[in-house]
């Protein structure tokens, strides 16, 4: 798929003629003529899926001019996602003595999970990529909310502490854990909605949303401590799979961006279900 009708090097030839500098050395000119920008590169549907995570036949694909100016923000958001979610999965599973509520990662939740995901979502919005924008800003808001809940300044768990006990005692009360679990359950519901929508993007995205949706099993009533621990470990395991898929997608995108001689498949699903606009064109 060509992003527009220009022939390779056409825009460069035009710039040469219009340039006031007529005495460029031959070597410099030859180097310029070898440059390929987004206006002269043919990209396959699967490569498009790697770079922008949106169905290629969507209507706002005609706004590709912005992609000649801005880089692809998807890896930025994904890096924030996996760097904050990976350690949290280790905490939930309890690897090498890790544990608790994940409070040790508050800083990463704010600056990796929150800041980078929201930043990536805003940049995706500027590029016209609605679905990635909604996904990244939603999860960015989740990490900011999660960090704020664990931050003593907000006194969220302190209100649940039994009289005469330290504020941190509120973290283990049934009132706090069961109440906070509802927030996590609805995040899992949102992830399920994203899962349904992702069947028009790629297989890796489907895996990410499936494991995030399944994470809801670990966020039910926390009154039975033994059962709660097993559910917590299960949730951490699903999240760990999520991070592996996220790392795979990051590597696949960066390999494509840097034009490596080998590529990682992501499983293009954009043509598996025809969009409404494609059906209208057929009719």
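Note: Cβ is positioned from N, Cα and C throughout, glycine not excepted.
Residues or ranges marked as transmembrane segment in TrEMBL: 76-95 (among others). Counting same-chain residues at least six beyond the ends of the transmembrane segment (76-95), those with a Cβ under 8 angstroms from any Cβ of the stretch are 101-102, 104-105, 108-109, 112-117, 119-121, 123-124, 132, 136, 139-140, 143, 218, 232-233, 235-237, 239-240, 242-243, 246-247, 249-250, 253.
The feature transmembrane segment is assigned by TrEMBL to 107-127 (among others).
Taken from TrEMBL, the feature transmembrane segment applies to 139-160 (among others).
Residues annotated as transmembrane segment in TrEMBL: 180-212 (among others).
According to TrEMBL, the feature transmembrane segment maps to 233-258 (among others).
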*Which residues of the same chain, at least 6 past either end of the transmembrane segment (233-258), have a Cβ under 8 Å from a Cβ in it?*
47, 50-51, 72, 74-75, 78-79, 81-82, 85-86, 88-94, 204-205, 207-208, 211-212, 214-215, 217-219, 264-266
_Within-chain partners of the transmembrane segment (139-160) [C-beta distance under 8 Å, separation at least 6 from its ends]_ = 77, 80-81, 84, 101-103, 106, 109-110, 112-121, 167-168, 170-171, 173, 175-176, 180, 183, 187
